[in-house]
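Novice: Take this structure first; my questions come after.
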Amino acid sequence: MHMRKVPGFVPASPWGLRLPQKFLFLLFLSGLVTLCFGALFLLPHSSRLKRLFLASRTQQPGLEVMAEVAGHSPAREQEPPPNPAPAAPAPGEDDPGSRAGPRRRKGWLRRTRPTGPREEATAARGSSGVAAPKPGEESIPFSFDFNAFQSRLRHPVLGTRTDESKEPQSRVRAQREKIKEMMRFAWQSYRRYAMGRNELRPLTKDGYEGSMFGGLSGATVIDSLDTLYLMELKEEFQEAKAWVEESFHLNVTGEASLFEVNIRYIGGLLSAYYLTGEEVFRIKAIKLGEKLLPAFNTPTGIPKGVVNFKSGSWGWATAGSSSILAEFGSLHLEFLHLTELSGNPIFAEKVRNIRKVLRKIDKPFGLYPNFLSPVSGNWVQHHVSVGGLGDSFYEYLIKSWLMSAKTDMEAKNMYYEALEAIETYLLNVSPGGLTYIAEWRGGILDHKMGHLACFSGGMISLGAEDAKEEKRAHYQELAAQITRTCHESYARSDTKLGPEAFWFNSGREAVATQLSESYYILRPEVVESYMYLWRQTHDPTYREWGWDVVMALEKYCRTDAGFSGIQDVYSSSPNHDNKQQSFFLAETLKYLYLLFSEDDTLSLEDWVFNTEAHPLPVNHSDSSSGAWHRH
């Protein structure tokens, strides 16, 4: 029997509710469900829940990282507040959150053969050796097999300890210990007066921030991590690591130098990770690397020098603006390792595009000018220098070849072609017999070298072995001659420290000609070349020269509260500049320490140093990620 509808009659629902009431109830219920799902998918800390519900979308390593980069995820704009660390899987169990590829074990990174400061971290990992994230860390959804990486190293990171009880080994050990004491003093002074600031001002006993890091802090902390580890300053290393875990925040909004952030912060964090396996360093490096990516959003893909962390934009987008060769050419090492550790190919793609542009563009006489328009892709002016503005571009070519385990043929060919052009058009010998690399301005030479150019002796020595057979001995001799010239710039000053630039004209050689070029700011390039030449030749001269630098630093640059640069190397009582540069701890003291260490300490078979002296590993793997075997 069918019920006949009666006008004005509203039937009750099975729950005893009339239809309008039922409609309102269902409306409320649907709103509640929508709110729950919105929270699940939109709140910044729902990434783990997303992976639980969307497991089918997370099968490709780095996919989530790529998606967030492309979409500028809100979760990347601010760092998350502390949240509980996930429980580590038991030994032998898989981590359900891992997305390991065929080569990679699931689970948090595992470590073996702990040495130095790593021993202190064992308790934090538990008996499984699992390096789980700390509270407040957000995991990067990618698994890197740290245990397998360590097993491929051909030498212990800190080298082997030989019997140093007899001369001259005991003297070398004492020299090394002195340099270690200098590092401890520099760090302790920074920690006491400027901890968390970018650099120490030792005369006024306070900190200095500067403007080139976009609001990032602690440059000295990040720059010091691997040097503290290398010198086995265990307590100091733990202090630095704790600061990174607790106080190094990336939610900054200023304008930063792409180059400086990359070589100091990215390089320092990558190096600290590869030395220790601590997840905090890997995660911070990748997140900071993502914040640099907008700098590449130019018509050519050549990045601008400045990136705005707040807007993500790159600065000075005009046809007349230019990018600097040494800056956009010194990203390759770090960005390949960002891809290696994140599974995200975008980092490697960005720097490969730079190579592509440079290979296509015409080069005057085979030389690379220092300025390139990121808008048009053309050279802005024909100024060529192996010193400032050009220097580390050449360095990264030979080091890319070495870091790829000698598979990156493009880098190798570009390096040796550039070196031949430099030798043909820039290399000179002074009337006094000093070999130097001049600067080139549209065919006219400036007969000077900058302190920054003094790295080139070490670079040429490092690359001599892989040159054409008939050129190898020539390049080794050329490296020695350039390094001798740079030593002369030190020896001819009253302080036995070198000026910022030195000239070869008017009968004066290897000396600055004006006060504005007579300062020394604790630069490392000369002792860097001493270290490479020592490792290649074992000529004791380089250790003698290095020790002279140690004594000069102690006499003229050490203050009551740290080390300071000086304003005039030709004065026997120079004024200080009141700045302990972060690169003094990252580079100068590290290279001096390595000069008096065994060759297998951070062996050149296993490591290359970025232009801030942060060691990055050679890729010894036969089947690595797409970051490597491309050319």
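Just so you know, glycine gets a Cβ as well, placed from its N, Cα and C.
Features from TrEMBL:
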{"type": "ACT_SITE", "residues": "E260", "note": "active site, proton donor"}
{"type": "ACT_SITE", "residues": "D391", "note": "active site"}
{"type": "ACT_SITE", "residues": "E500", "note": "active site, proton donor"}
{"type": "ACT_SITE", "residues": "E525", "note": "active site"}
{"type": "BINDING", "residues": "T611", "note": "Ca(2+) binding site"}
{"type": "COMPBIAS", "residues": "80-89", "note": "compositional bias 'Pro residues'"}
{"type": "COMPBIAS", "residues": "101-113", "note": "compositional bias 'Basic residues'"}
{"type": "DISULFID", "residues": "C454-C486", "note": "disulfide bond"}
{"type": "REGION", "residues": "71-137", "note": "region 'Disordered'"}
{"type": "TRANSMEM", "residues": "23-43", "note": "transmembrane segment"}
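Buried or exposed, and what's around them? Tell me for each listed feature.
Specialist: Taking Cβ-Cβ distances under 8 Å and a sequence gap of 6 or more within the same chain, the neighbours of E260 (active site, proton donor) are M212, F213.
The number of other CB atoms found within 10 A of the CB of D391 (active site), across every protein chain shown, is 25.
Residues near E500 (active site, proton donor) in space but far in sequence (CB under 8 A, at least 6 apart, same chain), listed by position: G450, H451, A512, E517, S518, Y519, Y520, I521, R523.
A simple way to gauge crowding: the CB of E525 (active site) has 24 other CB atoms within 10 angstroms, across all the protein chains here.
Listed in sequence order, I263, S330, D391, S392, E395, Y396 are the same-chain residues six or more apart from T611 (Ca(2+) binding site) with CB atoms under 8 A from its CB.
Shown in sequence order, M449, H451, C454, G457, G498, E525, V526, S529 are the residues of the chain, 6+ apart in sequence, with a C-beta less than 8 angstroms from the C-beta of C486 (disulfide bond).
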